[in-house]
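Chemist: Quick one: the structure is below, questions incoming.
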């Protein structure tokens, strides 16, 4: 709400350019508007990408945006030449993140059935504040242009302090809540002990997925006493062996 009201201080900006000391023509205003739109489209996307890659939360991004908005208002309030207006576009390009992140921040905190009512309420408030602010600050500029032509920008800078403080509190609160939600790590989770598998398999037994299970006969022989195994081996040696001749398919006994 306060950000929307502060943004309406730019409502008489065209009259600000037409007045002294600039006295711009319609062509100069058109060139400035086109350059402002292009620079805002490029720099705002790059700034958002850089802040996202840096790991900044939505509240921190909005906080930085309000700082740029405050600096932009102060810069324009004391500008007296054309190059200062164009240089101010480099600052104002990063000052509009609050408007694009408000709905996304609300969507994270509200339940699905609460979002339509909240979004409708925010839209109605923004519409009312935009209508009121545009009318009010245009009237203020018309009354103060003779002596204080930069008064509306100073008012906008003052109003921007309120959402800056609110976003700072929100950033600290969300950071504290995120720290409290993280469970403490135990000593076993900090340094987990490695699990080693016995290397009794083929050449690729180093792989954790390659586990060789001993056969049943080998397992039973390991459990059989030594005397029983020797007796069993002697009996097996005396038993005749039967081999099938592959050429004649006859059974040969040894």
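Cβ atoms are placed via backbone N, Cα and C, with glycine included.
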Chemist: Out of 153-173, 174-194, let me know the one TrEMBL marks transmembrane segment.
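Modeler: Going through 153-173, 174-194 one by one, TrEMBL flags 153-173 as transmembrane segment.
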Chemist: Transmembrane segment per TrEMBL: which of the ranges 29-48, 209-228 is that?
Modeler: 29-48
Chemist: Sort out for me which stretch, of 29-48, 60-79, 85-106, 153-173, has the most Cβ pairs below 8 angstroms to the transmembrane segment (118-141).
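Modeler: Comparing 29-48, 60-79, 85-106, 153-173: 85-106 has the most Cβ pairs near the transmembrane segment (118-141).
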Chemist: Counting only residues 6+ away from its ends, which parts of the chain sit with a Cβ under 8 Å from the transmembrane segment (29-48)?
Modeler: 14, 17-18, 61, 85-86, 89-90, 92-94, 96-97
Chemist: Please report, as numbers and ranges, the same-chain residues at least 6 past the borders of the transmembrane segment (85-106) whose CB is under 8 Å from any CB of it.
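Modeler: For the transmembrane segment (85-106), the list is 3-4, 7, 17, 22, 32, 35-36, 39-40, 42-44, 47-48, 58-59, 61-62, 64-66, 68-69, 71-72, 75-76, 79, 115, 118-119, 122, 163, 167.
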